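Structure record follows, encoded as structure tokens.
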Ligand code: SAH
Ligand code: MG
């Protein structure tokens, strides 16, 4: 039970994607075995859809993990984008490097090692697409940097914004997660109330928010 949508809905949608067409099964199996929280199947499809529409030339990702989402965004965009992706876990960085090598993407994907907030503070280039998928308790702190780094017609895709349903329902909130939930609500309020932004919150996967400037 994901807490965001009904299990039967998730199962149905996931099963629409034929396994035989799954280009990244190896990465998905590895993530499952090692409990790495990569993008869920339907979230991965959504990302592929967004990049194939947006055709970004420059992508920024917060949270590389094993490189799954970076690889699939690269492949689906059709634009050979350059990707900057931030990760602080040394072990993950090692796996991601191996995977980027395996997909011949070492030249196209730059891993910035460190904490997202610190790395963000030092970035100056601008991006067509920003995928926020790390440090759930800090999206509200990442937002000003992401807006500074986002091109005028850029898109921010934030994952896990409903966090197992807890963000939408006090009864689901686990005590240890109160701070994360409060800050995530703050993020959603910031991107929803800002008159200069247009945001759509989608109860898919663990919850996705897409944001662009008006
Ligand atoms: N985008 C990946 C999944 C990322 S999982 C995919 O879908 O394939 C989140 C990752 O963010 C984890 O690997 C974790 O180590 C990293 N992370 C969490 N908080 C972070 C922070 N504050 N700075 C940098 N990395 C962080
Ligand atoms: Mg995620």
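Keep in mind that glycine also has a Cβ here, set from the backbone N, Cα and C atoms.
Site annotation for Mg(2+) in TrEMBL covers 159, 160, and the matching candidate from 128, 133, 170 is 133. Apart from 69, 87, 133, the S-adenosyl-L-methionine site neighbourhood in this chain, defined by C-beta within 8 angstroms of the site C-beta centre, holds 38, 61, 62, 63, 64, 65, 67, 68, 70, 85, 86, 131, 134. Candidate binding-site residues: 69, 159, 160. Those with a Cβ under 6 Å from ligand 1, in sequence order, are 69. Same-chain residues with CB within 8 A of the center of the 133, 159, 160 CB atoms, the Mg(2+) site residues themselves not counted, are 39, 43, 63, 131, 132, 134, 136, 158, 161, 206, 208. Rounded to a whole number, the distance between the Cα atoms of residue 159 (Mg(2+) binding site) and residue 133 (S-adenosyl-L-methionine binding site) is 5 Å.
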